[in-house]
Amino acid sequence: MTLLVFTTLALLSAVVGSVPMTTHITHERRNNHSSRHWEKRNRLEPRDVISVQIGLTQRNLDQGHELLMDVSDPDSENYGKHWTAEQITKMFSPSHESINAIREWLVESGISADRIGHSLGYEWIHFNATVQEAEELFQTKYHLFQHGLEPRNTIGCDEYKVPSFLAQHIEFVYPGVALIGSMKKSTKRSVQPEKHLAARGSSYNQAATGPCDDLDLITPTCIQHIYKVPKGDKNAPGNSLGLFETGSWYSPTALTSFLANFTDIPPETTLLNITIDISKTHFDRPNDNGEADLDVQMALPLVHPQNITVYQVDDDYYTYYGRVAYRGMFQSWLNAIDSTYCNYTAFGETGNNPNVDPTYPDNNQDPSNPDGEIPEGWYRGPPQCGTAKNTNVYSLSYGWDEADLPYNYMHRQCNEFMKLSLMGTTIVASTADLGSAPGNLCDPNFLDFYHAVSQYPANCPYLLTVGATQLLPGLEEVGLNNNGMASAGGFSWNYTRPAYQDKAVQDYLKKHQDLDRNRFNSHGRGFPDVSALGWNVLIVYGPDKQVEAQAGTSV
């Protein structure tokens, strides 16, 4: 009997010793605020098979800023030595240590090696598992969750755990606490999209005769005169300025008229057009909001004989009915110009966020005809990834208030802007047209009554942000503040002030010591970086070729 006891203990010791004894720690726990519209339903069946993804921690993201400054500072010996895509991947992709540690843990836990796969850049590891296997791996319980406002469902858990020795290697696990269920049918939104554009002025019948003779109608010639922009005479093959557009389509008819009447550019000049996640085009659309006409007509005279590439992004549903509800307007564009971004993981975000971004194929019904067929303007293909040619410079005239988007979502995109900048891409963004904050934030009943706000993506320190000015008689240039429109400026709450702004901001704060520091973040990224004319600029609008004055930081 004694021998049997000792033998049994020895066998148990051998078995226990062969399995790694690990301490699991909570990696993520549900935030009740972020999931307030989701209702927990049934527990999943143990035998159900689910697809599990483990997002791996990116390396060296904390070094990204300094690496970018190293190639951007004229005093640096590495100035202008931009990185290749391969160098970017090598620097920021997960380490071999992370990849191997997670694979070994999975195999030791019963997930065979032939079931384990990975994304192209090893940003995440994936495998199929039964619910029981996944619950044991992450010490959790999986349920079905249903959205209370929209016809969506997904699976998830309230919290999950990972081995303590793996926590530093894991960014997130899906299914997990992030509820990103797919849309099963249309949500019936009929919200008209908002865009901060100047109200269109009266029609004008003729242009100014001199460079800046008419301050009510600023021509391209005046802009070139004010800023001493030389006439372009070089055209590098394949080089063009990228213009981001969403929900607004320029009019080729208006562009031809503009070129013929207000520039010496051949009126038959055509632009390069790239559509992203779009199935139907709308060039020369009547009653467009004019943003795209403004952008192409202001840009082309400054860069000609270089050309312009217009990146037209997202389908008819998401640029109209879904414009306010799905505010991630830059995601589809970034996916298309950089294939490594599509499934890139950072700050707990991987790929598109269906609560913010468009979801393709677009299976939404037309809210104006919910029982009809899905319209042809709804893009039914897969999201485009790495399909669009990149340009060296981009101009973004769109954005939302900083508080309108999730914090981690913005940081992931801002990191992508940093990586693009490392590769030599310059991105220019407007700051918006409502001063330090929209007027409704001055209402004492409003939560943020004491706070100035900033615009995204202009708050990201890796973009060149541009404000607007106006001309006074005598060609005096002052900050735009006219007729209810004011060039936005201030400081970000989400991003700290980069070192390259220290002197300018410190001088500003010293000069304006009477400012209430409780209303803005004096340690945040300041904006704009530069400003230029943005009031009463001439454009030809729409297929009816109406000459108008436009305004705003979009200029």
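Quick reminder: no glycine exception, Cβ is built from N, Cα and C everywhere.
Annotations in TrEMBL come from automatic prediction, not curation.
Worth saying up front: this structure is predicted, and the values here are computed from it rather than measured.
What TrEMBL annotates here:
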SIGNAL    1-18  signal peptide
DOMAIN    217-555  domain 'Peptidase S53'
ACT_SITE  GLU291  active site, charge relay system
ACT_SITE  ASP295  active site, charge relay system
COMPBIAS  353-368  compositional bias 'Polar residues'
REGION    353-381  region 'Disordered'
ACT_SITE  SER554  active site, charge relay system
Local Cβ density at SER554 (active site, charge relay system) - other Cβ atoms counted within 10 Å: 26
Chain-internal residues near ASP295 (active site, charge relay system), provided their CB is under 8 angstroms and they sit 6+ positions away: LEU243, GLU245, TYR250, SER395, SER397, SER554
Summary of DSSP states over the compositional bias 'Polar residues' (353-368), given as helix, strand and coil counts: 0 helix, 1 strand, 15 coil
Mean predicted confidence [pLDDT] for the domain 'Peptidase S53' (217-555): 88
